[in-house]
Amino acid sequence: MLSFNLLFAIAIFLLICLCSLPAHCDNLQDICPTYTSHDHETMFINGFPCKNPSNVTTSDFKNFLLSQRGSTDEFLRSSVTIVTAAEFPGLNTLGLATARTDLEVDGLVMPHTHPRATEMMFVAKGVVIAGFIDTKSQLFQSVLREGDVFVFPKGLLHYCLNSGFEEALIYSVFNGQNPGVVDVSNAMFGDGNTEMVKMALAKLVSLNRVEDVRVGDNVKSHDEL
């Protein structure tokens with residue numbers, strides 16, 4: 001009985017220690033904007049230290065980075081800007097991150113994963129094909145138009161492609177402070193200029209045209225492909 005009580009006490013102690021870290025446990029205070037000074041570079045924690053409460057201002061909870069169009073890649077014709085607590089202090093300890101994706105006509109975000117977060121995307125402009133593949137290799141893909149929302153489950157391979165006649169704009173929210181990105185194409189084939197990536201992009205674009213997704217009137221906004 002003594003050993004059981006000792007083990008139980010140790011388990012409770014470890015749980016308290018883990019939940020004291022600024023990670024995925026409930027907040028211990030209302031706000032905790034990121035302290036961006038480099039005075040504590042020798043301190044490593046699962047998150048960011050907080051600012052002195054007396055120095056917190058309204059500007060910590062406002063960010064303009066997603067209001068600016070990203071510089072699209074010359075080959076993939078896309079741009080993704082992810083904003084985490086490192087750039088947006090007010091997000092610290094809230095378990096959130098956000099992003100903006102700009103897609104030129106035929107622009108593509110190559111297959112990738114976010115190992116630490118689920119992504120919910122909102123199409124603000126244009127027509128987009130979005131999809132993900134689950135662990136059984138089943139494809140879930142759909143045509144999205146302005147106002148539509150799509151969810152990429154945590155850790156699953158996903159992508160999106162502009163299938164309209166104009167630029168597309170997507171906003172995303174992640175349920176993790178630092179979602180991370182694993183770019184499968186770069187990991188396997190190097191940069192986007194390799195022949196393998198060019199062939200994959202050409203195939204996706206050609207399929208997009210064959211399926212005539214660009215003709216908006218004969219493809220309903222919630223159609224699956």
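Just so you know, glycine gets a Cβ as well, placed from its N, Cα and C.
Where the annotation comes from TrEMBL, it is an automatic prediction and has not been curated.
Fair warning: this is a prediction, and the values are worked out from it, not measured in the lab.
For Cys32, the disulfide partner named by TrEMBL among Cys50, Cys160 is Cys50. With all protein chains in the displayed structure included, the most crowded Cβ environment within 10 Å among the binding-site residues His112, His114, His158 is that of His114. Rounded to a whole value, the Cα-Cα separation of Glu119 (Mn(2+) binding site) and Cys32 (disulfide bond) is 23 Å.
Residue counts for the domain 'Cupin type-1' (64-196) under DSSP, helix first, then strand, then coil, are 14 helix, 57 strand, 62 coil. Per-residue pLDDT, averaged over the domain 'Cupin type-1' (64-196), rounds to 90. Rounded to a whole number, the C-alpha distance linking His158 (Mn(2+) binding site) with Cys50 (disulfide bond) is 33 angstrom.
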